[in-house]
């Protein structure tokens, strides 16, 4: 038989379906393959015994179930697996086996399938008997003799007389069961029995070491014992001498099958004079006549016997010391490898973090090192040159925050880098800042009053500061109009001259689009006169003047002719401002714009110009007819369509409108 049988595969598949990994591993460890259980399966089962959530009785029952198989291979491998777990597994496993009344009932096992089955069945019966005795020994003394502490302060050397006389016979029974295996080197012909013999060999070495230490302790206390205790002790010692001979034969078989000679201990026989001294002492206690012997001679004989047995014990423990040393070296090698791996990981982590942290610093290091120190609390400097940052990020050889605008004038003289933000001339500084945002201009009066006359003109001025370059106090705060509101309402109403001056240094939001044509700087531009029938012209101011005139607000009077009753039919006689009467479709709801309340009015039906005025930029309402416009929040998107400015001279909110 070689390899796993079909029955083994079916059984393993059944356990896979049921989800029992332990039973599946037991099945794989005890297949029909003529070889010892595989190490990977044994290691897995050992680990299972160390897990608290593994059912130890279920594991043991699985092994017991495999011993009921008719094949000697399966039964033998089941016993080997059980023995391996008893020696190397968790102590819970052997505790459970010791608590059972019966373990392996294989005293009548016989495999009649072949000649090899007959031969192996004999060793199976002997092997099962030893495992049963091993479990019984654990039940009696509550510890495993192969795992007890050995040496001068070991368990067997420090045991008292009463307990010692009860414990040593238990060791003798277990040793007898082990030596009853009685295998020859010629019978170790397959891997299964070889695996069992190796486990028995290790148990024999450890068990005899404990046995030897118990005998040493017994001899040291023999001459102080009572008569009954001396009689029991003498009988134990005689059995010990007999078993030493059998143990020597067992070790010879181990040497013949190829076990290293260094792993086999040397057994030193005690002198024969010791047995005579023990018998004479017992006879003296019983009152028999013995030959004269001094206490000094007895002590000398006893010391010689103890030293010889102690040397035997040292030779027996030599294997364990080598195993211990090998285990320690292996653990040290693993620990060293783990330390090296950990040091490599720690060496990589700081390097990565430092590189990551240093990247932005190294990128901007040049700018940080070359940037001049700026004192924001310094007083304005009287230097005649403008401060310029030497670090040009884009190599454009210009100030870093220099605004890119058309016709930008130079910065004024006498200005520091940032100026004094806490100076007393904040108002003048605010007026001197270029108006880049139409909603950030300073209010010069009451917002509810009519628009001042000086708002209509664009004063000719040169900006005293550029954006983020510096703030210098201006001696005179000149009121100016917003750069975004380029509509001249006063000139349309006829209250002021139409001469305007274009600010060449201001910010051009629309790039010169929809602005009045300028002949030259500081040169007034008269408003072109258009025929009455042409509402829209190429000039923005003229177009607005015509549109406002058509709305009927050019005369500056307020229409208060509100009627609460149904008006009668009126005949229109015409006039310069006559328009066809068209019923209003809807009225705009009163809205608040910049804190100012304007009354309602209904826009008449008229032709809108192709381009919307740029005056009310930010109130983005598309021109639509027959619907109520929605008032939105002011924005800075200059490309949005704009709303016409409301009529500040319209009727009061809520009043009915009647057009003449």
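For all residues, glycine too, the Cβ spot is worked out from N, Cα and C.
Source: prediction; values computed, not measured.
What Swiss-Prot records for 556-566 is compositional bias 'Polar residues'.
Annotated SUMO2 cross-link per Swiss-Prot: 238, in sequence order. There are 13 other Cβ atoms within 10 Å of the Cβ belonging to residue 238 (SUMO2 cross-link).
What Swiss-Prot records for 14-145 is domain 'ENTH'.
Marked as N-acetylserine by Swiss-Prot on the basis of similarity to another entry: 2.
Taken from Swiss-Prot, the feature phosphoserine applies to 16 (among others).
Packing around residue 20 (phosphoserine) is summarised by its Cβ count: 16 other Cβ atoms lie within 10 angstroms of its Cβ, all protein chains included. Under the three-state DSSP scheme, residue 20 (phosphoserine) falls in the coil class. Residues annotated as phosphoserine in Swiss-Prot, with similarity to another entry given as evidence: 20 (among others).
Residues or ranges marked as phosphoserine in Swiss-Prot (evidence: similarity to another entry): 303 (among others).
Positions annotated as phosphoserine by Swiss-Prot, on the basis of similarity to another entry: 315 (among others).
Residues or ranges marked as region 'Interaction with PIMREG' by Swiss-Prot: 221-294. For the region 'Interaction with PIMREG' (221-294), the model gives a mean pLDDT of 83.
Taken from Swiss-Prot, the feature region 'Disordered' applies to 556-580.
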Q. From the Cα of residue 238 (SUMO2 cross-link) across to the Cα of residue 20 (phosphoserine), what is the distance in angstrom?
A. 51
Q: Using DSSP, break the domain 'ENTH' (14-145) down into helix, strand and coil residues and give each count.
A: 90 helix, 0 strand, 42 coil
